[in-house]
Structures are given as structure tokens and as C-alpha cells.
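J.: I am attaching a structure below and will ask some questions about it afterwards.
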Amino acid sequence: MSASRAAELRKRLNHYAHSYHTLDTSLVSDAEYDRLFRELQSLEAADPTLISADSPTHRVGGAILEGFEKVRHRVAMLSLDNAFSAQDLVEFHRRVQEGLAESVVVEAVQHYQDEYGLSDLGALVGRPGALEGVARDVTQRLNQTLSFVEPLQPPDTKSLLSSGRKAADILRRLRLWAAEQPQRVEYVAEPKLDGLAFSLTYAEGVLVRAATRGDGQEGEDVTAHARTIQDVPLRLQGAGYPALLEVRGEVYMPLATFEKLNAEARERGEKTFANPRNAAAGSLRQLDPKITASRGLRMFCYGTGYVEGGTLADRYAEILAALKGWGLRVSPEAERVEGAQGCLAYTERLGEKRETLPYEIDGAVLKVDSQRLRERLGFVARAPRWAMAFKFPATEESTTVQAIDLQVGRTGVITPVARLEPVAVGGVTVTNATLHNFLELARKDVRVGDRVIVRRAGDVIPEVVRVIPRESHGALAVYKEPVACPVCGAPTEREGGETALRCSGGLTCRAQVKEGVKHFASRKAMNIEGLGDKLVALLMQAGLVERISDLYRLHEQRQVLVGLERLGGKSVANLLEAIEQSKAQSAARFLFGLGIRDVGVTLAGSLAAHFTSLDALMAATVEDLVGIEDVGEVVARRVVHFFAQAHHGAELAALRALGVAAAGEPWRVEPDGHGVAAAEQPLSGLSVVLTGTLAGLTREAAAVRLEGLGAKVVASVSGKTGCLVCGESAGSKLAKAQKAGVPVLDEAALEGLFRGEIPPEIQARMQG
């Protein structure tokens, strides 16, 4: 009974996991999955003989290893030749065409030799050059060629050998024929992930081994670690797979996971990873698989290696479809394209999309689609002739640190910034790079004059990765942490346990005021269109803005504004209109705009929903605030401290007197002031947490749409949470939701919520 139940649980759990992680479809609630998982764990603990290689309980990580065993690849994991320009791709396509046309000629001649015993004819073939055309169906064309050639041979075959002219004529006609074939080659194009290549071996559908690429001939056994990666099926789905199947793929770390991992390391004062590739490699090669399990690695499959006891399709695109059907994750960006122009168009599209992807890529891989044509093209040295890696501009480059400047942020954080000798990184000229904080600067020991590696990826601010070792480094001056604010001269301070160094000047510091005004006017706050960085700086230089409330006095200075550089009458009119309109913004936007430390968009909404007015919030105690969902004691103390400061009280009174609605009027219940009664909205009473990276829109955009439908978007998961919307690279919130029995929705279900399609299990949790 236990054995059959364990087998049933394994089958169901693996099916649910495949549906969730590969197909992005949740078939059961996370609470139900968790219950079945615990049941299987209990059965296996009671009877270890029930544990099988495909048990999902293996994903949590096993015992710590003493080292990695070497593994010999049965089929070498070769590298690819690189292309760096459009011309390189055109040349690659031309070489493919020539190679295929040549293979037709050589095979035709070889067949002719074998048929008639002409052992010396091959010497006349040599290696035909510059043949244009391609053999789309080699066998059919060979037959066509032979039917064309055979009438040319004389009755006495030996006389052909004595006639170089006749043999040369045959070869000429063969080459002409090959050149006249349709010029059509299909490729499959895929993103080139910047991760770690490895292989998975399945015996009768069960994962039996995983190995890193290593040197291509020999890698390391990482089977225990691969089992912890959710994208790696422990047992293949469906049927039709070979008895022994080796799958090739790339392990990578999503960008959001990488940033989170490094942020946590910085907080602990530990060494950070230079890039997601290093993070993925370091995570996979941990001796303790439990560490690997905690790192959130993902995988895409891109082909097969050794196959036994079965056959695969001729077309690579069909092989990818088969792999997906067997439960393996393949890139949704893969496309079948035709010819050089198809390859070029794909790389352009992928390049435009590169910075929106949730993982890092460094190019595209282009492979001839037909396996038969691949065999005819063969290999050269270490790489196949039928594939090419097109490389995007590098995201890391070396340059020189010319200076280290200090920036003071809205909350007083002082950030060291390296001023660099201009360098092109990823197609963008970089002149500045963050050093994050002074503890990180000291750990990397960056000095003015150093040669450094600078990294830029996606929307991430360029950063100094490391110093390039040189003898001159020791002679350079060590950069010392400042004891006073570089702008206002106030003493610097560091709160207990924090890595950030702060200016203690508060609103007496012009740098903090400038950043505070920019934040107040930003899109997610009061949304004052046209009031950006340069204009705020201009207004402060002119003495027109010294604090936030001065924005609402600018209408008194219209003539002065018109006279400012880069401002005309129309621009001033538009600016003043935008400022006037901002007076009606919602309480949530107003609170976020105040810049209270640790009060983001979501928490500002929670405070606005809980209190009836600004006066009520200002009178709240720490105990009052801690009772609100998403508010912890640290944040509560910061909110109370903010409103207790006299200069903040004076500023809020000024905003009230100047007509800013949220500063003086009772707060409305409906989200973001849309003017619709909450009870009439389809998602009224539903609290939603967003986590991970969404493919179709940002989390902020999703939050706005949900709030517009009456939902309350909160920051953390609790037993009262209505649902968790989970994108790619979800973190600890997913595990917490599963533990609390909170329904988990994918992006497709989120779109359903936007349409008012509410699943029954979520309707039951709505408190409207």
C-alpha cells in the first residue's frame, strides 16, 4: 500500500511541478502541493526503500560532498565559433552553402567511382571552391546527378581514366549543377545565455547523471546539485523518449536573483559575485547541494548529446518541441529562420529585446535545422561547421578610475561613484560606475588611477567589478571614508548593522532637499510632468525652490521663471498646470512622495487605506502602526520619527495651506483617488502580493491595474493575503505563501483578474 501510494505521489508531484515550472500553469493550490509533498516525505522517512531517483523530495539537497568526481562525455561538448558582425554572419551562411554544395559533388563523384571502379577519379576533385547553392535533399539530388552523369561515361570505363578532359568535364557539370540548386538553408536561432553549460542523462526517462561541460571532453558530476534545480525533471514526462538520452543545456541565475544575492552579501559584508554567470557556476559547484538549492538557479535546454535505444527527429526545431513535451524547459525565444537575412533579422530583434529579458544573454546561437545536413557539414577542429555564436557587444570592459566622487541621496546615504575614462560597454559609453558603499569600496580596494573591470547589464547601473592587479596599485592613495557630508558638512553616521553611511544634516542639506523634491515630483508620487533632474537643479540654483512646498508657490514667480534659461512661456505654463493638478493626487501618492524612509509605494497605500487623514496618521503611535499589515517595528519607528520632527510638521502645514488635498482633506477609501466606490469594484476586499519578474508588464504597472479594480496590493505574505502573483525568479515569498496556504497565481491568471475572472479559491478569501 505504501509503495503504491508513494509511486502515485511521485507521479502527481512531478506532473504538478512540470506544469508549474515549465508550462507556467498551476494545476493545484500551493497548499495542496505542500500537503502531498509532506506526505511523500513521511512515507520515505518511514521506509527508505521507497525513495527513488525521480522523487521530488531530492530537490531540497542531500549530504555535503567531499569533492566532485570527473565524468567523461560520451559525445564531446564542443564550443562554437564566434561572429561579431553582420558580415561575419553572411560569411557563415556562405560557408554553409559551399559546404553543402561541395558535399553533393564529393558524394556524387564517390558514388560514381564506387559504381564503376574508378579509383583515381577522386584526385581530380580536390576541394571545389566558391560553389554557390545548397543541397536541400542530398539523396534526391545525388540521384538526379547520377542520372545526368551516367550517359557521359563511355562503354570502356578505363578509357575515362585516360581522358582527363572527359573527367574534368564531368566535374565541371557537377559543379554547375550544384551551383544551380535552390539557395535555401533553414536555421534555428536561440538566445546565447551567459551561464554554465551542462548535460543531463536520462535512462528509461529517469535522471541518472548531470555533468558540467568542463573542457568539453571531461566534466564534473553535479547530479545531486542538478536535482535541486526546479527546471530539471527528475523523470521525463510522456512517452517516446530514447532509452538513453543525454540532454544539453545552460544553467543560469536570473538577474533579479543575482541582484538579491549580491545585496544580501553586501549587507553581511561578504564578497559579491562579479556577474550572473559566476554566480551560477559558483552556486552549482557548491560541495553542499543545499546551498545550490537556495540559489534559485534556472535552466534552458538547447539540444541533445548521446542517444541510444531510440531516434530523434531530423529537424532541430522538432527535437526542441519533443524535449519540451518530455518536461524539459526550452527557450521561448527560439525561432526557425531562413538564410543569412533571417539570421540577421533575428539577432537585431533579440538585441532590442535583450535588456527586457529576466536573464542575461551575450548573443544568439544559430544552428542548421536539419540533422542530416549537419552531418554533411561536419566539424572543424573544436567546433561544428553548422553552428555559429553571434556575440553582442561585451557587458564588461576595462578602463581607468580618474576620480572617486560622492553622491548624497534623498535619505542622506552617501554613495561613492567612480569617474572613469570613457569606455563603451554593451554599446553604451560609460563614464561613471557605482562603488555601492564604503565597505564595498574598501573590500575591492579601488583607488584613483587603478585599472578596473566595469560591468553594465540591462537597466542595472554600471558598477566596478574588480581592480586589475598591477604593480602600480600599491603606490596609489587608499580612499578614506568621509567623516563629514561633502555637500553640507554635517557629520556622517552609520546606524548599527547598516552598510550605508549617511549625512546627518537632513533638510539642512541641499543635496537631500534636491533629491527629495525630485522624488516628490516623480511619476509614482505626485507625478508632476516636466519637473525632472535638470529643472529641479535650475530652480534651486535660482533660489526659487528650497523645500517641497516652494513648488506650490512658483505661480507667484511666473515672470522670473520665463526668464530662466531653457524655459519659455509655454513650458512655464505647462509646468505650473502640472503642479496645480498634482494638488489633487491621492493620499497614497502623497505619502510616498514625502520620502519617509522605507515607506515605498505599497506601504504608502496601506497607510492611506488604514488612516482617515494626515492628522490621524501623524497622531499614531508605534503600537498603532505595528498593528497594520506590512508594518514592522523598525518602519513604525521611522514613520513616527518623521512626523515628530518640527521641520517636517512645518512643511506639512505649509502644504496644507497651499491647497494640497492629501495634506488637509479627509482621505478617500478608494485606491489612488479613482473616484469609484470600493464596493462596486470587482476586486474589492482582495489583498495581493506580487513577487518575481513578470514578462508582460512591470510589477508597478500590475499594482496600479489591480488597485484600480479595488484590490489592495501589499508587500508581504500573511495568512490574510488573498493571493500571491508569482513571476519568474520568485524568492522567499513563494515559500511563505505555500506554507500559509495562500493561493498562487501565474501571469495568465493575473490577466484573468484584470478581466474580472476570479478563481473560486480566491473569491472565498476576499473580504469585501
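Yeah, the Cβs are placed from backbone N, Cα and C, and that goes for glycine too.
Per Swiss-Prot, the feature NAD(+) binding site maps to Asp30, Ala31, Glu32, Tyr33, Asp34, Ser79, Leu80, Glu190, Arg213, Glu250, Lys367, Lys391; the stated evidence is sequence analysis. Annotation comment: Swiss-Prot describes Lys192 as active site, N6-AMP-lysine intermediate. The Zn(2+) binding site annotation in Swiss-Prot covers Cys485, Cys488, Cys503, Cys509 and is backed by sequence analysis. Marked as domain 'BRCT' by Swiss-Prot: 678-767.
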J.: Beyond the listed site residues Cys485, Cys488, Cys503, Cys509, identify every same-chain residue whose Cβ lies within 8 Å of the center of their Cβ atoms for the Zn(2+) site.
T.: Val408, Gly412, Pro486, Val487, Gly489, Ala490, Ser504, Gly505, Thr508, Arg510, Ala511, Gln512
J.: What are the sequence-distant neighbours of Cys509 (Zn(2+) binding site), meaning same chain, six or more residues apart, C-beta distance under 8 angstroms?
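T.: In sequence order, Val408, Gly412, Cys485, Val487, Cys488, Ala490, Cys503 meet the Cβ cut-off.
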J.: Give me the CA-CA distance between Arg213 (NAD(+) binding site) and the residue listed as 'active site, N6-AMP-lysine intermediate', in Å, as a whole number.
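T.: About 16 Å separates the two Cα atoms.
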J.: Of these binding-site residues, Cys485, Cys488, which scores lowest on Cβ atoms within 10 Å?
T.: Cys488
J.: For Cys509 (Zn(2+) binding site), which DSSP three-state class applies?
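T.: SS state of Cys509 (Zn(2+) binding site) = coil.
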J.: What are the non-local neighbours of Leu80 (NAD(+) binding site), defined as same-chain residues 6+ apart in sequence with CB under 8 A from its CB?
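T.: For Leu80 (NAD(+) binding site), the qualifying residues are Val365, Ala383, Pro384, Ala387, Met388, Ala389.
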J.: Is Cys488 (Zn(2+) binding site) helix, strand or coil when read with DSSP?
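T.: Going by the DSSP assignment, Cys488 (Zn(2+) binding site) belongs to neither helix nor strand, so it counts as coil.
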J.: Across all the protein chains here, work out how many other Cβ atoms are within 10 Å of the Cβ of Arg213 (NAD(+) binding site).
T.: 20
J.: Whole-number Å distance between the CA of Lys367 (NAD(+) binding site) and the CA of Lys192 (active site, N6-AMP-lysine intermediate)?
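T.: Per the Cα atoms, Lys367 (NAD(+) binding site) and Lys192 (active site, N6-AMP-lysine intermediate) stand 12 Å apart.
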J.: DSSP three-state call for Leu80 (NAD(+) binding site): helix, strand or coil?
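T.: Reduced to three states, the DSSP call for Leu80 (NAD(+) binding site) is coil.
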J.: Quick check: in three-state DSSP terms, what is Lys192 (active site, N6-AMP-lysine intermediate)?
T.: strand
J.: If you count other Cβ atoms within 10 Å of each one's Cβ, which of the recorded positions Lys192, Lys367, Cys503 has the most?
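T.: Counting every other Cβ within 10 Å of each candidate, the maximum falls on Cys503.
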J.: As a quick check of your reading of DSSP, tell me how many residues in the domain 'BRCT' (678-767) are helical, how many are strand and how many are coil.
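T.: Tallying H, G and I as helix, E and B as strand, the rest coil: 34 helix, 16 strand, 40 coil.
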